[in-house]
Amino acid sequence: MCTGRGRRLHMPRTALLIMMGNNNRDKIPNRPGRRDKCLKPGQPGPVTSPTVTNVTTTSIFLCWVAPLGGNVFYGVNFSNSGQAQQLVTNRTCINVTNLISATSYSFTVFAVAGDNTTVSDSATITAFTKPGPVPSPTVTSVTTTSIFLCWVAPLGGNVSYGVNFSNSGQAQQLVTNRTCINVTNLNSATSYSFTVFAVAGDNTTVSDSATITAFTKPGPVISPTVTNVTTTSIFLCWVAPLGGNVSYGVNFSNSGHTQQLLTNQTCINVTNLISATSYSFTIFAVAGDNTTISDSSTITAFTKPGPVTSPTVTNVTTTSIFLCWVAPLGGNVSYGVNFSNSGQTQQLVTNHTCINVTNLNSATSYSFTVFAVAGDNTTISDSVTITAFTSPGPVISPTVTSVTTSSIFLCWVSPLGGNVSYGVNFSISGQTEQLLTNQTCLNVTNLNSSTSYSFTVFAVAGDNTTISDSATITAFTNDESRVKLSVGHEGDPNDDYINASYLPLANGNKRRIKHFHFTAWPDHGVPENTDLLIRFRNLVREHIDQSQRNSPTVVHCSAGVGRTGTLIALDHVIHQIDRTNSVNVYKIVCDLRMHRPLMVQSENQYIFLNDCIMNVIRSKQNSNQFYKNNAAEAIYENITPARV
């Protein structure tokens, strides 16, 4: 009686035979078989619990439980690269090799009886080979909160990918079908270790993992500021960004060379700089790998200029002080000058090393603070101070108020401006003397009588050094024989004395002087009529003709050209008329001007001269005119000859 069903084992011509023993019963014939309605005694039972105990990228290790009954061996059918394959073994485990990674395989396992023909019912199990590991995972981009990973797909079947990492102490896994993934929501400046693996189609079989470590980008530094500058250093500070621990880099250019400084602090003192020079500092945070850096923050600052040196006052006037100084070493600078004027602080700016400070008060002390200004018009050097006085104004209207034989009393008006003292210079007995006073009058004593003194009077500022332009006045001390006279109501106040001295000549010779004084000719203008001057000329000519030829005749007025020239020209023309009975006024005046410029000085004098000539010509017939004093006209006065 049949208790089961059997089937023949059909082996294809291309079947792979694995001989696990040397007896003939392990050989499965390559012939077709058929299933009998009734099984022969000894038909194998089916294998049970087929399992996959190990997989690699090219192999799957299968095991199962042997059926009850007699000795059997086993067949394993599967398809590989589109071709059906069969493996035979007398063991309950087999390692199927030469497979394709990440590929699904369906294995049919059955027992074969000792006749190599009778087979059991089959048991089927499906398994994936292990995917190959992802090669060369790389970080292609980082931000403060993300890391972008890419890798190359492994050879073999289709796979997905898993990425494991830890974030804030919690393990996380991301899955993707692509060969790149952007891991987000990370902490800045933090190290992350990513484990990347391929996942076969069963979502269970995974490849060996590849690990890559990367830092997220640090956040930028916050609020970089310059807290202190000197001529050779700039002190920088900033606020640390949020996130992991970072260090900092500071890039800047110095003398044409780019330099980088590193620090673990949030402040740094950059030294060995050039004064009055602009520096641009690029500050960035550096993650723990010393490679990943933040976006940079830039701040520009100038080093402090060096102080100006040797400030000097090169010139002063009553309203200005001219300052100069030596430029400091370093970059280009401008200059500021602070000073107080009339209670208000003022500031002047210049690009030069000299400045003329104007609109000042005379004889006043000014304190000037000079400093260099860098190119940002903000950073300034240490200041240098210089004090100077403006010149006092000159003293006004110096006058001599009284003189004696040994003293001259001087007074003047004080100049406008600050408080001053006064100096008076004069020369006595060949030596220059100087007197000082705080008053506007000074009595200069111990002088020599009958001597001319030139006094130079000047104001002195509060520094006892700065002086005004001087004012000069000349005066004589009185003669020992000076006689004081009384002056009438309308008299000249300067005609209040005579000199009664008698000065005998060394050889005792006598000289006679005759003085003619024409009093009716004003300083500017001409006499009232021509007759007066013609008669005066005739009187003088009569005296000249009576005198010896070697007796000189001197004619003078104030300047010696106007009235003097008119009288001399009149004498020449009348003399020409008497000798030649002709007249040439123009030529005679020209000849006189060849000897002395401006003879017959004004137009009205020239006209008056011509009027005189016309009068002479008309009255030619009355040639015996004579002159007599006329009290009403007061033409001249004879002076009694005096001994000189």
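Here the Cβ of each residue, glycine as well, is placed from N, Cα and C on the backbone.
Whatever TrEMBL says is automated annotation, not expert-curated.
What TrEMBL lists as region 'Disordered' is 23-50.
If you look up TrEMBL, you'll see 24-39 marked as compositional bias 'Basic and acidic residues'.
Positions annotated as domain 'Fibronectin type-III' by TrEMBL: 46-132 (among others).
With DSSP classes pooled into helix, strand and coil, the tally for the domain 'Fibronectin type-III' (133-219) is 0 helix, 44 strand, 43 coil. The domain 'Fibronectin type-III' annotation in TrEMBL covers 133-219 (among others).
As annotated by TrEMBL, domain 'Fibronectin type-III' applies to 220-306 (among others). This prediction places the mean pLDDT of the domain 'Fibronectin type-III' (220-306) at 93.
The domain 'Fibronectin type-III' annotation in TrEMBL covers 307-394 (among others). Summarised by DSSP class, the composition of the domain 'Fibronectin type-III' (307-394) is 0 helix, 49 strand, 39 coil.
What TrEMBL records for 395-481 (among others) is domain 'Fibronectin type-III'.
Under the heading domain 'Tyrosine-protein phosphatase', TrEMBL lists 503-616.
If you look up TrEMBL, you'll see 534-607 marked as domain 'Tyrosine specific protein phosphatases'.
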